[in-house]
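See structure below.
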Amino acid sequence: MPKRQDIHKILVIGSGPIIIGQAAEFDYSGTQACLALREEGYEVVLVNSNPATIMTDTEIADRVYIEPLTVEFVSQILRKELPDAILPTIGGQIGLNLAMKLSNTGILDELGIELLGTKLTAIDQAEDRELFKNLMQKLHEPVPESAIANNIEEAQQFADKIGFPVIIRPAFTMGGTGGGIANNEKELAEIAENGLNLSPVTQVLVERSIAGYKEVEFEVMRDAADSAIVVCNMENFDPVGVHTGDSMVFAPTQTLTDKEVQMLRDAALKIIRALKIEGGCNVQFALDRNSFKYYVIEVNPRVSRSSALASKATGYPIAKMAAKIAVGLHLDEIKNPVTKKTWAEFEPALDYVVTKLPRFPFDKFENGDRTLGTQMKATGEVMAIGRTLEESLLKAVRSLEVGLIHPERPAFAKLSDDELSKQIIQANDERLFYLAEAFRRDYTIEEVAELSKMNPFFLDKIKHIVELERELAAHKADLGLLAEVKRYGFADEEIAKLWGLHADQVRQMRKEQKILPVYKMVDTCAGEFASDTPYYYSTYESSTESVKSDKPSVLVIGSGPIRIGQGVEFDYATVHSVKAIQKAGYEAIIMNSNPETVSTDFSIADKLYFEPLTLEDVLNVIDLEQPEGVIVQFGGQTAINLAEPLANRGIKILGTSVEDLNRAEDRDLFDQVIKSLKLPQPEGGTATDKAGALAVADKIGYPVLVRPSYVLGGRAMEIVHDATELDNYIDRAVSVSHDHPVLIDHYLVGKECEVDCISDGDTVVLPGIMEHIERAGIHSGDSMAVYPPQTFSQDIIDQITDATIKLSRTLNCIGLMNVQFIIHAGKAYVIEVNPRASRTVPFLSKVTNIKLAQVATLAILGLSLKEQGFETGLLPNQSGIHVKSPVFSFSKLNHVDSLLGPEMKSTGEVMGSDTTLAKALYKAFEAAGMHLPQFGRALITVKDADKAEATALAKRFREVGYQLVATSGTAKAFEKTGITVSTIEKLDSGQETILEDIANRKIQLVINTMSADKKVSSDGFRIREAAIEHGVPLMTSLDTAGAILKVLELQAFSISPIKS
């Protein structure tokens, strides 16, 4: 059937900010879908709240709205735009839930708007746990014994009937949010309460636990003519019980027989047909290891994390195809854009093994609960491709960027056998490394399988890697063995370690012996048809499929997996850099390892290498491609860390030179730059040991800000108030950055701001200045930022502009540079310079309408800023007021303190724009999911230093209609100024009233600035944890509370009696 002619304008709903469970895969799928619809001639209107995405660029849709994804705002857009249809299936769970809510309000019927792709009845049947169970029973597809519960009592009754353990799955949530495995009544009550709170329909499914079964996923597509295909099947390394987003995943399935694959394939196709899904869908199965018994776990009736992985694993662009199916095209009418010869109805075939590894945030949250279960905890993921499972797995481990090039944590060698066994039994984020350690101690496969409940096939592969390590250690410089271990994915650095050499010597040895990688193409058809996709992976075989072109090329290093501190913002900059390289007439080559992102879409660069971002892997690509140079400034710290080792090996780094990068990153060199320019800077110093650190702090006076050098996202950065705290900090955190000293600065209290500038070595352009709402001491990535600044005098703006231009010129910056300032006593103090793209580049690009990364790339490639139409200085402010607000994922992680400080904790961002600051703030809070009640009870408990300021805020909260509750010290301060307040006992008095009131929704807002006691048992920590667990808005900064008051005051009308 040809595409539909009766619809012309389509509204696409994006997926909002990046949170755990919903990451960059939706930027990738959303971008693909919008472009596919435009390709077919439709007018596309996009709404999304996340400015850090390619999807929200003006070229992606005909009109782009960066607005909160709420019924209130999207309804406004629907009334204004009057689209014919909505495509809700590519915005993740957020998009689906919003479509359901809009439908329930009646606005879609009122305006005659239809939903494309998957119908609401299908979404309901797949997402509503009871309807899904009924459908499966009708199809005779087995599901685990289960019951629907709408309250805790119902959940307990069913658990008593079938016995523990049970799995709890909330309805209409994503990433397993609110779910878990309960082993007893206490755990059941906790998980069920949380799940009911987080489910938008207050419903959970309680089911018999089938933990231990194999978990298998099928990615399927169907069109309106009922043609259906399997795009990819995948098998989880972890058995059922660990969320698939937190499990290692292999594609295609590795341990299933043909009969099992066909059985599950038939079931998946039967389910997608019964649901009448038009587009992509993900079906998850649990398969018994010892029989042909299986259960259907769940169905996602939309584009998902797994479909992004399947797209990159096979080269088959699922979201693009789903969008075309949604407008009526059939699979046999759509060309496969990879081969450009076959049709989309051909099922992809793989002649390689793909491994996906999750990337967890526990390097940021040392106290976090690392146990893995049905609720997802990973922030991102990496993918690697190899010809053997071992090669694919080892490449994935190097891609993770957790300081390892091989599955070996040296510290684990010190564990006792009991401790090691305990870690293997319990699924956690480092289980792979514990399993490898067990084989190094000669545990048998049977012993490890018994402890871990893992499939012996996978354990055998890990054991094989350990056996090869032993072979290497026993046969130093054996060239035959060298060729063999390279085929199994061993890194030069690991071989060098076992042979007592330097990695460069192993590399040299390989080159002399012609043991070199070749590059194979990902072509969707296992080489059956000729393909011209420029999408490659390395392996050690004989023939290569990647041929260097005659055109001069530039290599851009991507930013690797998404993690806290290095998010999708850097992928955004990478993609824009590629566009500019192509505009300048060069061939653009990308190297990256992240399957979720737009940069690894095969249609973006002229060539894509899906490879780990390590020195060895990058040098291998450079050897083949011989680029004019390498651009590192858009890939975050991942790429910057490669600059020096590449330059040392004679590779040309384009943009700011390595020497100048070092002058900005090395503390002593940077101090010299600041002194030579006579710029104000907080007093500080460096130390390489504890005694030196204590001496520096003593000299400059407490409080001090301490951090290691060369880090991103404020890793291991803290504000320290006395010598004891400093002593503790050095014992805990200083090993974070080997070879680099600790930096210690006097901590100034003041307004913070930052600026991104572009320079060509002469002209320096400042597109805009962003003022932070939270004062200095909270990481810039966790602060709300406002453009243009609202409270700075012209004198301060001039100081910032002047200092930025001087710094840029002195550091010989070519490309982008980010500078952060504290405004203290009328002076702009420089606190940090980052000579690269920062995480504010997308936000600033959107609000100033200047594509910063493209302008910077053209400058790097030699097109001066004057030729691009720019002069030195700060550009005039654009219209409107724009607020960038951080978004956190604390509700997904247990035992993680939400108190904000100098170490970054947010996973994503949203933007609110309007004509006044209060309105822009309101939109930013709504977009970030912080829905503020206009009245209620506010619990305020603050440290002594904040009491005066908190009193002024408390008065304003009373005026807008809030009742106040405070702990005794804070309450006394309020009562002194005549504020009405109820006193509540502190937790250490043995009373739990505070926590009970939060749990029972008797508190609508919590403001808590109690000290960052590292103890998880402290009062402040427990209050903050309770607020997050029960979804009560929580502020840990008085500045954020002040911003919220601006919004509440905007909404409140003044009421006062008439004067007598």
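Numbers run from 1 along the shown chain.
Using the three backbone atoms N, Cα and C, a Cβ is placed for every residue, glycine included.
Residue density at GLN284 (Mn(2+) 1 binding site): 20 other Cβ atoms are found within 10 A of its Cβ, drawing on all protein chains shown. As annotated by Swiss-Prot, Mn(2+) 1 binding site applies to GLN284, GLU298, with the evidence given as sequence analysis.
The Mg(2+) 1 binding site annotation in Swiss-Prot covers GLN284, GLU298. Using a 10 Å Cβ-Cβ cutoff, GLU298 (Mn(2+) 1 binding site) registers 17 neighbours.
Under 8 Å, Cβ to Cβ, and six or more positions away along its own chain, ASN300 (Mn(2+) 2 binding site) finds ALA126, CYS281, ASN282, SER306. The feature Mn(2+) 2 binding site is assigned by Swiss-Prot to GLU298, ASN300.
The Mn(2+) 3 binding site annotation in Swiss-Prot covers GLN820, GLU832. Non-local contacts of GLU832 (Mn(2+) 3 binding site) by the CB criterion (under 8 A, 6+ apart in sequence, same chain) comprise VAL819, GLN820.
What Swiss-Prot lists as Mg(2+) 4 binding site is GLU832, ASN834. Here the Cβ of ASN834 (Mg(2+) 4 binding site) has 23 other Cβ atoms within 10 Å, regardless of which shown protein chain they belong to.
For GLU832, ASN834, the entry in Swiss-Prot reads Mn(2+) 4 binding site, with the evidence type sequence analysis.
Feature annotation from Swiss-Prot assigns domain 'ATP-grasp 1' to 133-327; the stated evidence is sequence analysis.
Annotated domain 'ATP-grasp 2' per Swiss-Prot: 671-861, in sequence order, evidence recorded as sequence analysis.
Annotation source Swiss-Prot lists domain 'MGS-like' at 930-1060. Helix, strand and coil content of the domain 'MGS-like' (930-1060), in residues and according to DSSP, is 60 helix, 21 strand, 50 coil.
If you look up Swiss-Prot, you'll see 402-546 marked as region 'Oligomerization domain', on the strength of sequence analysis.
ASN300 (Mn(2+) 2 binding site) carries a strand DSSP state (E or B).
A distance of 44 Å separates the Cα atom of GLN284 (Mn(2+) 1 binding site) from that of ASN834 (Mg(2+) 4 binding site).
Over all protein chains present, the Cβ of GLN820 (Mn(2+) 3 binding site) has 19 other Cβ atoms lying within 10 Å.
The distance from the Cα of GLU298 (Mn(2+) 1 binding site) to the Cα of ASN834 (Mg(2+) 4 binding site) comes to 45 Å. Under DSSP, GLN820 (Mn(2+) 3 binding site) is assigned to a strand (E or B) in the three-state scheme.
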